[in-house]
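S.K.: Take this structure, written in structure tokens, and hold onto it; I'll ask about it next.
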Amino acid sequence: MKTIIALSYIFCLALGQDLPGNDNSTATLCLGHHAVPNGTLVKTITDDQIEVTNATELVQSSSTGKICNNPHRILDGIDCTLIDALLGDPHCDVFQNETWDLFVERSKAFSNCYPYDVPDYASLRSLVASSGTLEFITEGFTWTGVTQNGGSNACKRGPGSGFFSRLNWLTKSGSTYPVLNVTMPNNDNFDKLYIWGIHHPSTNQEQTSLYVQASGRVTVSTRRSQQTIIPNIGSRPWVRGLSSRISIYWTIVKPGDVLVINSNGNLIAPRGYFKMRTGKSSIMRSDAPIDTCISECITPNGSIPNDKPFQNVNKITYGACPKYVKQNTLKLATGMRNVPEKQTRGLFGAIAGFIENGWEGMIDGWYGFRHQNSEGTGQAADLKSTQAAIDQINGKLNRVIEKTNEKFHQIEKEFSEVEGRIQDLEKYVEDTKIDLWSYNAELLVALENQHTIDLTDSEMNKLFEKTRRQLRENAEEMGNGCFKIYHKCDNACIESIRNGTYDHDVYRDEALNNRFQIKGVELKSGYKDWILWISFAISCFLLCVVLLGFIMWACQRGNIRCNICI
């Protein structure tokens, strides 16, 4: 029994052993950083996946689903293509003299006039789209000896037959079609775009009935260029009741140049010119609805925000848009390395510093202090080191956007069948550019993330070194980001350490004296926990032995009866 009492006494002494910081003559001060229960994984130069407290997504992967009409002027083509609006298809008259920043062509657009083709359709479409206007000036061409304003039932304008409003179909007058030779100088200081064409009858009979001659010819020239077109007579697939066709051509006349038109038949003559402008206007095929909203960047899928440096919504864009990349996600670290706080810390829940883990719940700063002293425990953020890290990180996103977000537009590429090899080459070049930008984007983000993590680690180390230089021999590093302070350090003392006004000379003598008076042999926390657990187990075993001995003694005295039945 004496042995049991002695062991129990030893166990109680062990359990009652003071923790560092719980003694009135000492205190514990730990330095730590912010942590969250579930961080975000980012990529760095050295690690494919490293957890940080916070990160910002850099890839815009979705659109609004609608095209914003501000700040860009959007012109909805509705059921008209840009070329139909240019030629003056009757159902596109509403677009006469219109202007735009972006002309939106719809998939439902259709032609409703004389069937035609444009041999260099893509170039004409791109030229007019970039000009951003359908401003048309009528000129007084003199066509002597022919009938003007030809029309067709395939191109209804009101109840009667009609034709493209910007073109003049010339046919024979009586039984003659004289040779036409007309000149028109450009005395203005801007480029003029003339649209003209040639008619391809379906039969020889149609040819002679319209133009007398068995074969016509059209020559349009300037000082810089000349085009001679001969009609191809023959039947073609029927479109809107016609098997004949019109081919549309175009000529640009520079200031000081002269337009010369010579023809003996089949001429579809211009009525005037389109005033050409230089600008950033463009065209886009999209079925996204147009809405009243504000967005700098437009894609065929709809408008997208341009507050991110990259996007993978669509390769085709207009406005100040993020660069297109292949990646669905690229995360930029905007916080420090995340080390979630351990929920169980030994038998007594002792505090620990940044070397072991981070601290959750630090909402007022990234770096801070925790302490245990005679007045209890406490925590406070270090705003100076926090602000130093934030100042350097805040500009990262803006810098990445500045490097990648330029005001440009990526137009659609169109090529005819005969230009298939050019189309393949262009696609290869475009894909290579995207691959290069995707690689550059990933590398740029990885470099920035590496710098952020190194920076935040450095700020933590700076704060620790600053504290160590203040405490000097008055405290001892505990190896986990904490200091054991060998003098009484109340809350005012702790605050002086945090704000840098701590005077170690004031406490020097007390600290040195306490170093020698505190336990002769100080057990490390890991071994101490083991010994405490072993002592606890031995005590429980001895208590069980005592209880069993008491039961046996009671049975012998007859105070307890035990019946065993078999």
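Heads up, the Cβ atoms here are built off N, Cα and C, so glycines get one too.
What Swiss-Prot shows for this protein is this:
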type	residues	note
DISULFID	Cys68-Cys293	disulfide bond
DISULFID	Cys80-Cys92	disulfide bond
DISULFID	Cys113-Cys155	disulfide bond
DISULFID	Cys297-Cys321	disulfide bond
DISULFID	Cys489-Cys493	disulfide bond
CARBOHYD	Asn24	N-linked glycosylation site
CARBOHYD	Asn38	N-linked glycosylation site
CARBOHYD	Asn54	N-linked glycosylation site
CARBOHYD	Asn97	N-linked glycosylation site
CARBOHYD	Asn181	N-linked glycosylation site
CARBOHYD	Asn301	N-linked glycosylation site
CARBOHYD	Asn499	N-linked glycosylation site
LIPID	Cys555	S-palmitoyl cysteine
LIPID	Cys562	S-palmitoyl cysteine
LIPID	Cys565	S-palmitoyl cysteine
SIGNAL	1-16	signal peptide
TOPO_DOM	17-530	topological domain 'Extracellular'
TOPO_DOM	552-566	topological domain 'Cytoplasmic'
TRANSMEM	531-551	transmembrane segment
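For the listed features, I'd like the structural context: burial, neighbours, distances.
M.R.: Over all protein chains present, the Cβ of Cys68 (disulfide bond) has 21 other Cβ atoms lying within 10 Å.
Around the Cβ of Cys80 (disulfide bond), 24 further Cβ atoms fall within 10 Å across all displayed protein chains.
All protein chains included, Cys113 (disulfide bond) registers 25 other Cβ atoms within 10 Å of its own Cβ.
The DSSP secondary structure for Cys321 (disulfide bond) is strand.
The DSSP secondary structure for Cys489 (disulfide bond) is coil. Packing around Cys489 (disulfide bond) is summarised by its Cβ count: 30 other Cβ atoms lie within 10 angstroms of its Cβ, all protein chains included.
All protein chains considered, the CB of Asn24 (N-linked glycosylation site) has 11 other CB atoms within 10 Å.
In the three-state DSSP classification, Asn38 (N-linked glycosylation site) falls within coil. Annotation for Asn38 (N-linked glycosylation site): same-chain Cβ neighbours under 8 Å, separated by at least 6 residues, are Pro340.
Cβ environment of Asn54 (N-linked glycosylation site): Val36, Gly39, Thr40, Ala333, Thr334, Gly335 lie under 8 Å away, each six or more residues apart in the same chain.
If you take the C-beta of Asn97 (N-linked glycosylation site) and look for same-chain residues 6 or more apart in sequence within under 8 angstroms, you find Thr133, Leu134, Glu135, Phe136.
Under DSSP, Asn181 (N-linked glycosylation site) is assigned to a strand (E or B) in the three-state scheme. Here Asn181 (N-linked glycosylation site) comes close to Val260, Ile261, Asn262: these same-chain residues lie at least six apart in sequence, with C-beta atoms under 8 angstroms from its C-beta.
In the three-state DSSP scheme, Asn301 (N-linked glycosylation site) falls into the coil class. In sequence order, Ser63, Gly65, Ser286, Ala288, Val313, Asn314 are the residues near Asn301 (N-linked glycosylation site), counting only same-chain partners six or more apart with C-beta under 8 A.
The Cβ of Asn499 (N-linked glycosylation site) lies under 8 Å from no Cβ of any same-chain residue at least six residues away in sequence.
Classification of Cys555 (S-palmitoyl cysteine) by DSSP places it within a helix.
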S.K.: Please name which of the recorded positions listed here, Asn24, Cys68, Cys293, is nearest in space to Cys493 (disulfide bond), Cα against Cα.
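M.R.: Closest by Cα: Asn24.
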S.K.: Determine, using Cα-Cα distances only, which of these disulfide-bonded residues is closest to Cys489 (disulfide bond): Cys80, Cys113, Cys321.
M.R.: Cys321
S.K.: Round to a whole number and give the Cα-to-Cα distance in Å for the pair Cys68 (disulfide bond) and Cys155 (disulfide bond).
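M.R.: That comes out at 34 Å between the alpha carbons.
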S.K.: Of the recorded positions Cys80, Cys92, Cys113, Cys321, Cys555, which sits closest to Cys293 (disulfide bond) by Cα distance?
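M.R.: Comparing Cα positions, the closest of these recorded positions turns out to be Cys321.
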S.K.: If I take the Cα of Asn24 (N-linked glycosylation site) as reference, which of the recorded positions Cys80, Cys92, Cys155, Cys555 has the closest Cα?
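M.R.: Ranked by Cα distance from Asn24 (N-linked glycosylation site), first place goes to Cys555.
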S.K.: Over the topological domain 'Cytoplasmic' (552-566), what is the model's average pLDDT?
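M.R.: The average pLDDT of the model in the topological domain 'Cytoplasmic' (552-566) works out to 67.
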S.K.: For Cys297 (disulfide bond), which residues of its chain lie six or more apart in sequence with Cβ-Cβ distance below 8 Å?
M.R.: Ser303, Ile304, Pro305, Asn306, Gln311, Thr317, Tyr318, Gly319, Ala320, Cys321, Pro322
